[in-house]
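Report on the structure given below.
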Amino acid sequence: MPTINVKKADLERLVNMPLEDEFIEEKFPMMGVEVEGIFEEDGEKIIQFSINPNRPDYLSAEGLARGFRGIIGIETGLKKYDIESSDVKLYVENVETRPYIAMALVKGVIVDDYVLESIINLQEKLHWVMGRDRKKVAIGIHDADKVKPPFYYKEVSGDGIKFVPLNSDEEMTPREILEKHEKGIKYAHLIKDDKFPIILDSEGDVLSMPPIINGELTRVTTETRNLLIDVTGTDKYAVEKTLNIIVTALAERKYGKIHAVEVIKDNQSTIYPNLKEDVLETTSEYINKVLGANLTPGTIINYLRRCRLDAQFVDNKIKVFIPAYRVDIFGEIDIAEEVAIAYGYNKFSGEYPIIGTIGELNQLEKKCDFIREIMVGFGFYEVINLMLSNDEVLFKKMRIEDNNYIEVLKPASIEHRIVRKSILPLLMETLRINKHKELPQKIFEIGDCVVIDENAETKSRVVKKIAGVIVDNETNFNEIKSYVEGLLRELKIEYELDNFEHPSFIKGRCAKILKDGKIIGYFGEIHPEVITNFELEFPVVGFELEIE
């Protein structure tokens with residue numbers, strides 16, 4: 001889990017009360033934050049906190065103080081942040097590689113060395129927790145007084161512009177930054193097809209080249225009083241939430257005032273930041289059933305307010321208002337968790353379930369364990385991938401046209417929005433990630449896939465499958481056929497083989513596996529186009545088989 005260091009004096013200033021060490025160590029765990037240690041550094045008392053990744057709003061002293069004021073009851077409810085209007089505009093051109101951007105101003109901040117360090121630390125922690133090391137989200141924080149609006153967000157070629165990157169005194173082109181600058185070298189893999197996102201002001205000065213580096217021109221110093229924040233990325237939800245976390249944290253500082261920026265794209269205007277709260281509904285009956293408690297609606301509402309939410313009891317339901325900087329509340333169960341946090345986990349007592357049976361391993365899992373032993377005996381290594389992926393990996397790279405799949409309604413990431421119906425594409429992606437490793441590579445995975453089934457109660461069905469791939473200099477159809485037949489023989493499955501045309505395999509080099517006339521799997525030589533799509537350079541063979 002990420003950790004942050006906070007000066008005790010600063011925390012006391014933000015909480016607005018003196019805090020004893022014992023009080024800190026007792027109360028912060030109540031809000032899900034571990035106190036890793038309290039120590040002296042350069043004459044200052046420092047507190048190290050360990051933050052759960054699902055609470056990125058706690059990655060700053062400001063966010064911690066806001067939550068702490070609620071949990072100890074000195075300031076409860078959803079905090080409202082005033083957003084002042086401005087005439088600042090950002091015009092967005094077609095930026096294919098990072099299509100989403102949000103921007104805001106925070107004026108009147110007082111930045112000393114510690115606050116400056118705190119801002120930079122928050123930025124870097126969010127790059128990891130929200131941004132997947134800048135791949136999904138990248139943040140730029142600038143001295144707003146050094147540039148002149150309106151601003152422009154567009155793509156340029158590698159030699160299309162020159163500017164001085166942060167921590168440098170030399171003008172460079174975007175391509176030169178990737179070759180010479182420390183950050184450019186580190187994040188060069190995030191730039192594709194010689195398309196470089198750039199943020200400019202009205203005079204053509206460069207603020208940022210996301211997700212690589214800011215310009216030296218807008219460096220934030222202790223003299224800075226007005227901050228301009230940009231957040232770019234591949235996921236709109238993550239971009240907007242990241243901006244909300246930053247501006248609300250900065251607004252916790254004395255004199256910090258949030259100012260809006262109008263973002264204009266395709267003749268449509270959006271005002272950022274959008275701090276409108278989300279709304280969910282629950283009931284006291286549901287909360288009490290989940291927690292095993294007997295709380296009145298009024299008590300539940302009070303507990304929610306201590307977690308810095310707001311709530312109202314309307315028509316026998318509890319309407320819950322969730323602040324715009326929270327990214328961890330999606331349904332009723334999350335509301336129940338908030339109540340449990342404020343109520344105090346230490347107040348819950350356990351009960352032994354009244355069960356008169358003895359558990360044992362599921363028969364299907366026993367079969368899967370047996371298959372694992374067989375595959376390891378064949379020299380394969382087991383891998384485990386996520387069940388969520390995207391159409392690029394599951395279909396486009398595999399040369400498959402398929403619209404019959406299950407998609408997540410509100411995905412946390414654009415890269416993880418489709419429930420897989422096949423394991424083979426994810427094994428190809430694993431080979432791509434490990435293409436620098438020595439050959440041969442033989443990997444397999446056993447796992448669940450989800451297919452649409454209109455006759456099922458949930459309109460879907462979970463299918464247990466095994467898939468395997470081999471990449472080597474000279475692998476071929478006969479090699480994968482021998483492994484598949486060996487596996488079927490060990491499982492004592494009576495089967496037939498027949499020719500099969502599958503877009504991911506070479507025509508005439510693919511076979512289907514039939515059991516009682518039904519297709520239960522297939523294998524063969526992967527199509528060269530698929531191999532190229534996954535950036536591989538050697539032949540690949542693979543198979544996929546239903547286990548149940």
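Including glycine, each Cβ sits where the backbone N, Cα and C put it.
Annotation comment: Swiss-Prot describes 275-350 as domain 'B5', evidence class sequence analysis.
For ASP328 (Mg(2+) binding site), applying a Cβ distance below 8 Å and a minimum sequence separation of six or more within one chain yields ASN54, ARG55, ASP334. Marked as Mg(2+) binding site by Swiss-Prot: ASP328, ASP334, GLU337, GLU338.
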* Structure fact -> DSSP assigns the residues of the domain 'B5' (275-350) as 33 helix, 16 strand, 27 coil
* To do: Would you mind checking how many other C-beta atoms are within 10 angstroms of the C-beta on ASP334 (Mg(2+) binding site)?
  => 16
